[in-house]
């Protein structure tokens, strides 16, 4: 069972809120978020309500300040628990919108999109199996984008403001 605890102040101090399911609007429960304790499951946290804005992927552990989860500020307004998955992984990335241009299929992590794909930009994507995280920079750094099974015809469909993706990886069963 997944559970995350949000704290208004750093180092797990101040008002807090416990959550064990998806929540589209956390604003009634706390005004800011400066530390988080993930007691179970994998979670995607969003800067804005309704699963919008910056996204942060967190696994079990303690995050005493927002920089520990690569946060840009102390604002968390929605969250999603990522279902545990034990199957195979498969995803196709495309160099153009609407699944156009060069395509590559992946079943494993990719620490550098450019080294593998020879492009820095991914304009569309089809996730067939598993849950994935896109990262803005190589080596799993920078802004993060949660990718669940489905078709993403343009980069804004996964919440990005530009098509640059530096790396991606699978959300593995062992992370839970």
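For all residues, glycine too, the Cβ spot is worked out from N, Cα and C.
Packing against the domain 'Beta/gamma crystallin 'Greek key' 1' (2-40) from elsewhere in the chain are residues 49-51, 58-66, 69, 74-81, 176: each is 6 or more residues past its ends and has a CB under 8 Å from a CB in it. As annotated by Swiss-Prot, domain 'Beta/gamma crystallin 'Greek key' 1' applies to 2-40.
Below 8 angstroms of C-beta separation, residues 1-4, 6, 10-12, 19-27, 32-35, 131, 133, 141-146, 148, 159, 171, 175-176 of the same chain, each at least six residues beyond the ends of the domain 'Beta/gamma crystallin 'Greek key' 2' (41-83), sit close to that stretch. Annotation source Swiss-Prot lists domain 'Beta/gamma crystallin 'Greek key' 2' at 41-83, citing sequence analysis.
Panel annotation: around the domain 'Beta/gamma crystallin 'Greek key' 3' (89-129), residues 138-140, 147-155, 158, 162-170 of the same chain, lying at least six beyond its termini, place a Cβ under 8 Å from a Cβ of the stretch. Positions annotated as domain 'Beta/gamma crystallin 'Greek key' 3' by Swiss-Prot, on the basis of sequence analysis: 89-129.
Within its own chain, the domain 'Beta/gamma crystallin 'Greek key' 4' (130-172) is flanked in space by residues 42, 44, 52-57, 70, 80, 82-83, 85, 87-91, 93, 97-99, 106, 108-115, 120-124, which lie at least six positions past its ends and keep a Cβ under 8 Å from the stretch. Taken from Swiss-Prot, the feature domain 'Beta/gamma crystallin 'Greek key' 4' covers 130-172.
Look at Swiss-Prot and you will find 84-88 tagged as region 'Connecting peptide'.
When DSSP labels each residue, the domain 'Beta/gamma crystallin 'Greek key' 3' (89-129) comes out as 8 helix, 22 strand, 11 coil, counted as helix, strand and coil in that order. Taken through DSSP, the domain 'Beta/gamma crystallin 'Greek key' 2' (41-83) splits into 4 helix, 22 strand, 17 coil.
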